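> Pulled these from TrEMBL:
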BINDING   B:A10, B:Y11, B:S12, B:G13, B:G14, B:L15, B:D16, B:T17, B:S18, B:A37, B:G120  ATP binding site
BINDING   B:Y90, B:S95, B:N126, B:R130, B:S181, B:S190, B:E266, B:Y278  L-citrulline binding site
BINDING   B:T122, B:N126, B:D127  L-aspartate binding site
DOMAIN    B:6-169  domain 'Arginosuccinate synthase-like N-terminal'
DOMAIN    B:180-398  domain 'Arginosuccinate synthase C-terminal'
There are 4 protein chains.
Amino acid sequence: MSAPKKVVLAYSGGLDTSIILKWLQTEYGCEVVTFTADLGQGEELEPARAKAELLGIKSENIYIEDVREEFVRDFVFPMFRANTLYEGLYLLGTSIARPLISKRLVEIAKETGADAVAHGATGKGNDQVRFELSAYALNPEIQVIAPWREWDLTSRTKLIEFAEAHQIPIAKDKRGEAPFSVDANLLHTSSEGKALEDPAAEAPEYVYQRTVSPEEAPNEPEFIEVTFEKGDAVAINGEAMSPATILTKLNELGGKHGIGRLDFVENRFVGMKSRGIYETPGGTVLLEAHRGIEQITLDAGAGHLKDSIMPRYAELIYNGFWFSPEREMLQALIDKSQENVTGTVRLKLYKGSATTVGRWSDYSLYSEKHVTFEEDAGAYDQKDAAGFIRLNALRLKLIATRNRRVAEKG
Amino acid sequence: MSAPKKVVLAYSGGLDTSIILKWLQTEYGCEVVTFTADLGQGEELEPARAKAELLGIKSENIYIEDVREEFVRDFVFPMFRANTLYEGLYLLGTSIARPLISKRLVEIAKETGADAVAHGATGKGNDQVRFELSAYALNPEIQVIAPWREWDLTSRTKLIEFAEAHQIPIAKDKRGEAPFSVDANLLHTSSEGKALEDPAAEAPEYVYQRTVSPEEAPNEPEFIEVTFEKGDAVAINGEAMSPATILTKLNELGGKHGIGRLDFVENRFVGMKSRGIYETPGGTVLLEAHRGIEQITLDAGAGHLKDSIMPRYAELIYNGFWFSPEREMLQALIDKSQENVTGTVRLKLYKGSATTVGRWSDYSLYSEKHVTFEEDAGAYDQKDAAGFIRLNALRLKLIATRNRRVAEKG
Amino acid sequence: MSAPKKVVLAYSGGLDTSIILKWLQTEYGCEVVTFTADLGQGEELEPARAKAELLGIKSENIYIEDVREEFVRDFVFPMFRANTLYEGLYLLGTSIARPLISKRLVEIAKETGADAVAHGATGKGNDQVRFELSAYALNPEIQVIAPWREWDLTSRTKLIEFAEAHQIPIAKDKRGEAPFSVDANLLHTSSEGKALEDPAAEAPEYVYQRTVSPEEAPNEPEFIEVTFEKGDAVAINGEAMSPATILTKLNELGGKHGIGRLDFVENRFVGMKSRGIYETPGGTVLLEAHRGIEQITLDAGAGHLKDSIMPRYAELIYNGFWFSPEREMLQALIDKSQENVTGTVRLKLYKGSATTVGRWSDYSLYSEKHVTFEEDAGAYDQKDAAGFIRLNALRLKLIATRNRRVAEKG
Amino acid sequence: MSAPKKVVLAYSGGLDTSIILKWLQTEYGCEVVTFTADLGQGEELEPARAKAELLGIKSENIYIEDVREEFVRDFVFPMFRANTLYEGLYLLGTSIARPLISKRLVEIAKETGADAVAHGATGKGNDQVRFELSAYALNPEIQVIAPWREWDLTSRTKLIEFAEAHQIPIAKDKRGEAPFSVDANLLHTSSEGKALEDPAAEAPEYVYQRTVSPEEAPNEPEFIEVTFEKGDAVAINGEAMSPATILTKLNELGGKHGIGRLDFVENRFVGMKSRGIYETPGGTVLLEAHRGIEQITLDAGAGHLKDSIMPRYAELIYNGFWFSPEREMLQALIDKSQENVTGTVRLKLYKGSATTVGRWSDYSLYSEKHVTFEEDAGAYDQKDAAGFIRLNALRLKLIATRNRRVAEKG
């Protein structure tokens, strides 16, 4: 691997990525292009521009973009079509954002003639994998620089020294170590590390950043209606909205009602377990709603097939294989299933829970005529069930007969 | 099929199964044996004895049994080892009880020399399938009689007329139609039909029978600790209990906090959709706790494999294939995974939610030494991740290179 | 179910379907439309027209069609994209033809205003299921008549009597029972029943109809090249051909070399086992070739995912669910994988075997540069493997450490 | 990682592992223990002892063992219970031997107080992964040394120079490069690399080492009978034999008839494709026979479940995860299925093919009474099929009705 000449850095404007920026300049003597994305993390982006300029980045090398709509439309929503949960519980809020960042890094590298990209993820986590697999899948020639795996700035003290030595501004509250590490975007906020490393100890309330505690949530439930078209949410309470607007609105509703908190110990792709505190208010509501609408619009064949491949799909996203043939194959399967997932779900939001209380659709497969306990006017002939059961039982009977025969023989 | 001479009937003591009892006597002229099981449905069993005697059943033909421990130990707990959910949400409370009933029906048939068994399930539902597949799997020669599929008592009026004509006592509140149909056992209560047939309409509060509404639940959370051994709950708050006692206690706790309600539209095995209201208070707590302990005791290989086969396992139980080779094969896989699922989970119960807030175990795979953000004393070499990622990326790079080559040619 | 007024019958022109034709007329007094398809079964179709006319069918009610191209293009080829084998060995030659026949029956019913379709499959087999599931999926209002499940012509004698009574011509060799039952189309010939019912006894040579025995095959191998585009065969030995022409040619080649015989005991969907003798000469060659081209054009992610869903896909086709959401979802997944399955395979055909001996493609992912035992000029850094292995091993080490710790304590 | 003090080396006695032996001594100054296993590779082991002694290994540090029975009984047979094929075709002959070697290396390390093990696999292949994952899973503290990833002996010339410099005897035919690389054990022989690296070019006949070409095989077929108990072969032609004896005998039979050759391009775990020529004569016969006996002893539920997890099981073995929780879980599932896989299969061996021509068993589920085309005396009621089909069709009808309704609405 030759030394990179021009590097596109995923740049937040914070202290750590500022140190990386400077380190790239000094270590490799390379030109740095910064990419700062608004993924809905709730921070102003313009300060990142000022900071980048201060650190000597040419203005044509500063990319600041609002990618929230693309994020929700092309990443979050496709994932929610599968009712995706990693290890039964986790909504993959961090995982799903990484491929989009890598995609833009690689695209900007092409635009600017850069030969490398760089990210601020450590060598212990999943994010490095996600960033790099995506980058390599999109450009097999690209170099990826992961400073945390390379440098010797292995303590807070060394980092601060490096920052001071290179005139990187240090906010007062950044001198000490943060009590835990935070990642946020429009889908979720995750907190992990340090104060949260003991999985036996309850996470303190101050960890939570975008949801009130269920105890602090309103004492009255709130009812909302979410409308779907082909598997994607398109309206709340009858008002059509763009993907990012819908997720923003659901976050607001979910957060207010203390919905979407998760204290979770998960298996990282790199082989160790970690504990995270996740807040996914809008996503939690959206998952419940999507399941509600699928209940009446998907038949058993489609629904069960989707369910059976979901764990693998979730694993692929978690492990960083968004841009892989197998994820795209599974997506083709999932998207095929969503053609009639259109209709409206009514949900009750109350003190930490989002629960479906009603659902209706022009595409409904629910047939009151068939299921009714009342007279069904011949819609269903109960005698059919006898043959259905007898043929389903036939192989079980043959087994039992065999077992009996063998047992008698001894 | 020759006419049955002696039939073992799953008998609740209620009006419907009393009518069936009498109908069997009159239609087939056969001797009837009654089997009434305490599965934790919360009803006295002795009245069933009196009722059976009144209807002419010989006392040696009346079987009344408390099978709660067997139910939880041999059916509910094995199922929970898999974190089983049907269609993403349903804890299978009805499904899991049917094989046990069939097993006892077939065993009693053998003891009493009966050549048939009978049940009170209708021809539209899943329970007929579950009863009958289990019965045939356990005795391939047994006859199964399903009066609802055979007789012409197709309206409430005709049933009442039949009851009156045969001196079957009719409780006053049973003359009219119930507003919905209820099934209950130690794991859950289900309500469906009639008043609940419109899946768009919220189920009224009076439907719920063993959980308070979240709004009525205590304003203070309650914390409990559930201890597991090899995947099964064995103690609550440090107090060892039998399986049925544990589930009873969890039901009490869950019910008090409004936990475990589900408004659900599901796909029946017989091909139609139905809407049910389920209450599974203890089971919902148990599932959350079991997931919590698996988080630290199962590695990714075991956990993901379990997750991937769970939907199929759930489908088998739902469809009535408990006594089938494939369910037993999956059970062997699941049980193998539970050998080290031992430890304790701390849960918060509050207004409809049970959430894990801590877990610990002598069998924990969580390694703070590896995951820590702090100096890890060489437990983990971050440079390993570079090779890990590069080899995981290799095939993606080869694909990208191929695609680029083809595009350039094309 | 009201009596049908007009029925479209899948009509072969043979004795059995002629009896059905007449039985429909006499039993239901209904108008009959005949549909006779050339699926490559190797029989003249025009005699069926004469026979139908003789039995009183109006000429506008006689449909005779060559559907071979549609059969191969829209049914056989999509199935082969998945390397489909039922129960590890069977190429589904009968199963895949049924949905096409049902599709045309339903379409002709619409064109002719018929309210029912009829087929000649018995009540013991899979074909009835396949015909009827397809028909119902394409027209939920259609009636399906399966005379073999309804009538009392339950012996050869009764059938012959009925034929004689209704002036149905009986070929001399049809008076007695055939020694076994045969089904054929462009993909395969199956033989089953009667003389073949003992699965311990080797099938006699005279059963085989379109393959020579390996012993009788040429003593010299023959080499051929099959070219694929997007997963479908498009040329043999460089000569472009239509789908049906390719399969015809492969049949000729395979049959000549004794390829594609299978003596098989399978699990029918209706619950029993049956034994069949299958001959799929061209299909066997095609499967081998398709695997050969996938070997260099599919990566592990795509290939392994395909492999993992194939058994389910095969089961769906075998069981008659071609026209189902889940088959279509799986097809979407499979088709997505085939976008680059383009290239050529060289095969050796010799005395019962078709084996790949070479393959090449512009879309190849095989990289001699990477795999070479020789100096690779930096294409691959062997040191990467160390990190790759260490992180893959991490969870296994954590398990071993846990087990050791527990054992020491215990 | 501290320098190893004592290393157990997987030692063949050949030039390459002799160089490794000496390199370990000189590079690390460590004591070397050699382990040479008879896995049925067909080479004398005693020369390895002499060679090791010559290279200065103390006699108590030389382990030479015949592990053929353990190999077949505990590794090959369990794998064959699953009808395991990697990527549809490969019988995993190399993969399945590696865990056994690692197991003995780790055990000998414990016995001899060694702190490391070493192997001669390169950094490009799968074998390094298999050796090391197994070693780490069995002893999380063990060091693994892979000289090919570490040293600078990167050309044949350097290797020979090193050997000469260290008085390692060099057989004349080892001075030049072998035209391809060979691995062999009782299950198979693999050949790959160099002369075989072009996947378009047919492998020359001289590559094959333990099978005659089909053209050279006898002109008369040979018939044999293989008997199974609980899924494992126990006798050939009625003669009971030990596992390794059976496989040896099947190899002889298969090899004589040109059975079990495979020209294959596979996906390595490390991300690249490679081409191998495999000869698995006995294994190919065994797989065919095992399938034959399963055809009559497994029902559809068991068989289809096995089929559906097989690709994952194969992938685990191929990737080196034999000693992993998930492989053991899948094994539990598979073994559960084999309880009644007992009986005898008759096979025809002829010019490259092994085909089942008959099978019988006391445990057979095949019921001629049910399947017969003749009068079945009420074993099966064809009318049951009508209900069976109608209920299987119900959801398809509901979908079709929905689609029609939606289409009409427009």
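Using the three backbone atoms N, Cα and C, a Cβ is placed for every residue, glycine included.
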> Enter the number of other CB atoms within 10 angstroms of the CB of B:D16 (ATP binding site).
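Its Cβ has 17 other Cβ atoms within 10 Å.
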> Pop the Cα-Cα gap between B:A10 (ATP binding site) and B:Y278 (L-citrulline binding site) into the table, whole Å please.
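Spelling it out, the Cα of B:Y278 (L-citrulline binding site) and the Cα of B:A10 (ATP binding site) are 23 Å apart.
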> Of B:D16, B:S95, B:G120, B:T122, B:N126, B:R130, listed here as binding-site residues, which sit with their C-beta under 8 angstroms from a C-beta of chain A?
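Answer, by Cβ distance to chain A: B:T122.
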> Which residues does B:E266 (L-citrulline binding site) neighbour through Cβ under 8 Å, counting only same-chain ones at least six apart?
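Looking at Cβ-Cβ distances below 8 Å from B:E266 (L-citrulline binding site), excluding near sequence neighbours, one finds B:Y86, B:E87, B:Y90, B:K273, B:S274, B:R275, B:G276.
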> Could you name the residues, excluding B:T122, B:N126, B:D127, of the same chain that surround the L-aspartate site, i.e. Cβ within 8 Å of the Cβ centre of those residues, in sequence order?
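Apart from B:T122, B:N126, B:D127, the close residues are B:A121, B:K124, B:G125, B:Q128, B:V129, B:R130.
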> Non-local Cβ contacts of B:G120 (ATP binding site) (under 8 Å, 6 or more apart, same chain)?
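Same-chain residues close to B:G120 (ATP binding site) (Cβ under 8 Å, separated by 6 or more) are B:A10, B:S12, B:D16, B:T17, B:I20, B:P147, B:W148.
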> Just give me the nearest neighbour of B:D127 (L-aspartate binding site) among the binding-site residues B:G14, B:S95, B:S181, B:S190, Cα to Cα.
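Nearest candidate: B:S95.
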> Which entry in the list of binding-site residues, B:Y90, B:Y278, has its Cβ near the fewest other Cβ atoms, using 10 Å as the limit?
B:Y90
> Rounded to the nearest Å, what's the C-alpha distance separating B:S18 (ATP binding site) and B:T122 (L-aspartate binding site)? Just drop the number here, would you?
15
> Looking at Cβ-Cβ distances, which residues of the chain lie under 8 angstroms from B:T122 (L-aspartate binding site) while being 6 or more apart from it?
B:Q128, B:W148, B:R149
> Output the one of B:S18, B:N126, B:S181 that, of all these binding-site residues, has the highest number of other Cβ atoms within 10 Å of its Cβ.
B:S18
> Inside 10 Å of the Cβ of B:S95 (L-citrulline binding site), count up the other Cβ atoms and send me the figure.
27
> State the mean pLDDT for the domain 'Arginosuccinate synthase C-terminal' (B:180-398).
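Mean model confidence (pLDDT) across the domain 'Arginosuccinate synthase C-terminal' (B:180-398) is 96.
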> Rounded to the nearest angstrom, how far is the Cα of B:S181 (L-citrulline binding site) from the Cα of B:G14 (ATP binding site)?
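Roughly 13 Å, rounded to the nearest whole number.
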> Give the helix, strand or coil assignment DSSP yields for B:S190 (L-citrulline binding site).
strand
> According to DSSP, collapsed to three classes, what secondary structure does B:T122 (L-aspartate binding site) have?
coil
